[in-house]
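One structure is given below, encoded as structure tokens.
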Amino acid sequence: MYWFISVPKGGNNVKPNDVILKSVTQVAAVIILTFSIYLFMNGHHHPGGGFIGGLSMASAIVLLYLSFGIEKVRENIRVDFKKLAAIGVLIAIGTGMAGVVFGQPFLTQAFGYRDLPIFGTTELASALIFDTGVALAVIGTAVNIILSISEDR
């Protein structure tokens, strides 16, 4: 045993006081998720998009798993991440195939401007739908990888 690791007598059955960890994790997860949405929505015109937005969202979910435990988070986030990844891939492929259906090359982007009641004139682009598929695929895959690693103990 190393001098800097102290194990109390009676083994490792002592519960650590992790109130600070859980409190900070809740705040950090909200900040990470908010920034992820910013990265996701900013992706057409600046660096960002579905991949990095999805990856940062997955990191927030993994942070919750690490802090609160897998079972506790599964009770609150009832998502099958394998299905989420599959749905994301289908959305991304479907968006790419939409161009082919209309006689355009695969992954051709369509966009236009619409007047929306609250937002005013807003650009609507098919790239946002594609990025949504990419984000869902990345979230599902990244969280599945982490959960698979954690179950192999």
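Glycine too: its Cβ is placed from the backbone N, Cα and C atoms.
What TrEMBL says about this protein:
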TRANSMEM  20-41  transmembrane segment
DOMAIN    20-143  domain 'Na+/H+ antiporter MnhB subunit-related protein'
TRANSMEM  47-66  transmembrane segment
TRANSMEM  87-107  transmembrane segment
TRANSMEM  127-147  transmembrane segment
(request) Would you kindly list the residues that approach the transmembrane segment (47-66) from elsewhere in its chain, counting only those six or more residues past its ends and only Cβ-Cβ distances under 8 Å? (result) 25, 28-29, 32-33, 35-41, 73, 77, 88, 130-139, 142-143, 146-147, 150
(request) May I ask for the residues of the chain that lie six or more residues beyond the transmembrane segment (87-107) and have a Cβ under 8 Å from a Cβ within it? (result) 54, 126, 129-130, 132-140
(message) For the domain 'Na+/H+ antiporter MnhB subunit-related protein' (20-143), report the average pLDDT of the model, please.
(response) 91
